[in-house]
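Worksheet: the structure to be examined is printed underneath.
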Amino acid sequence: MGAEAPGSGPALRELVREAEISLLECKVCFERFGHRQQRRPRNLPCGHVVCLACVAALAHPRTLALECPFCRRACRGCDTSDCLPVLHLLELLGSALRTAPAAHCAAPCGPGALTCHHTFGGWGTLVNPTGLALCPKTGRVVVVHDGRRRVKIFDSGGGCAHQFGEKGDAAQDIRYPLDVTVTNDCHVVVTDAGDRSIKVFDFFGQIKLVIGGQFSLPWGVETTPQNGVVVTDAEAGSLHLLEVDFPEGVLRRTERLQAHLCNPRGVAVSWLTGAIAVLERPLALEPGACSTTVKVFNATMQLIGQVDTFGLSLFFPSKITASAVTFDHQGNVIVADTSSQAVLCLGKPEEFPVLKPIITHGLSHPVALTFTKENALLVLDSAAHSIKVYKVDWA
C-alpha cells in the first residue's frame, strides 16, 4: 500500500479549511492574511489580530487612535506589531493553501452540496446581528442588529440600501431586537425584547404600529402565506397568530395557537404545506448544559413531528444545539447548529429525523436561516457579523 502523497490526505484538507476559516482570515474585512503589506496580520495590544489595511482604516488619520473592533480597548495604530504566529502558519501551510481550492472541490460533499458563493456585512456594517428576513417582493435582505440603527436592509449585491430603527427608549425606537420578518406587502415586523413589544414599520422605516403589553417576552417572528404574523413568547411558553391591517397600522385580531411550550424561540412557516416549526430551548438543569427541541405542527396545529437534542444524538456522533429553524422549498425542516457550526436537514416532519448535514464548514455561530426564491440559503453568522449565501454546487 503506497504512502499518501503530501497535501492530499483528508486530515490535511480538514486542517487547511479550519485554518483558513479560523486563523488566516481578517474577521473585520474577511480578506485572507498574507505577506503583502496591506494584508499583513497585526497584533493589537489587547491580543486581537486584524490586517494592516483595517488598522489603517480604523485609526484616526492624525492621532492614530483606534479601538479594537472586538473588545473596544483603546490603542494606537503605531502600537501594533506583526503577528508572527500567523505569518509562520502562512509559510507552514503555503503549499497546502495553494492547492486548497482543488482540495475543497474534492471534499466529500457530493453533487448538490451547498457551497458559499458570497458573503456580505462584516464588523461595523453589522454588530452582533440576531435576526434575518427576506422581502418577498424585492428580494432584499433585512437584518436586525445592535447598531445605532437597528434595522439594516441590503440589496441583492450585499450593499446597504437603507437602515432605520433608532436605538433609544421612545416607543418608535428599538431597544433590543431579537428577530425580524417582512410581510407580503413589504412591512417590517421586529420583536423588541427591550420593552417586550412587537413593532411594525413600512419598508422605508416609518413606524406603523407598536403592539405592547400583550407579551412577556416576544422572540421569534415569521410571516404566514396569508400575511399573518406568528410570534413565540419565550417567557409565557406560547405561540400567537396576529392579524394586522398593515397599511392602516391596526391590530385586527390575536389568537393563541399553542400554550405550554418550553421557552420557545425560533419559528418558521412552510409556504408549501402551512406547517409551523417551533424551536424550544428548555431551561438547563445543570450549569453549562443545553438542550433544544424542534416541534412541527400542521396547519390545524396538530403536532406532526418532534425531535430533541438527545434524539438527534442517536443519529449524529456529536451534540446538536439548534439555534434557528426554517423550511426549504420541498417542506424539509432545516436547522442551524451552533455546537458543530453547521446547518442540518432533518427531513420532512413525518419522517423525523432523517439527518443530513448540508453545510459543515465556514460557519462560526449561525443564528438565522432563510431561503430565497432561487433556492439559495442565507445564513446569518453572528460571530462573523455577516450574511453568507450558499448555493447548490452541481459541479
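Quick reminder: no glycine exception, Cβ is built from N, Cα and C everywhere.
Residues or ranges marked as domain 'RING-type' by TrEMBL: 26-72. For 113-157, 161-204, 212-245, 248-300, 361-393, the entry in TrEMBL reads repeat 'NHL'.
For the repeat 'NHL' (212-245), the number of residues in each DSSP class (helix H, G, I; strand E, B; coil) is 0 helix, 20 strand, 14 coil.
Note on the repeat 'NHL' (248-300): mean pLDDT across this stretch is 89. Counting residue by residue with DSSP, the repeat 'NHL' (113-157) contains 0 helix, 25 strand, 20 coil.
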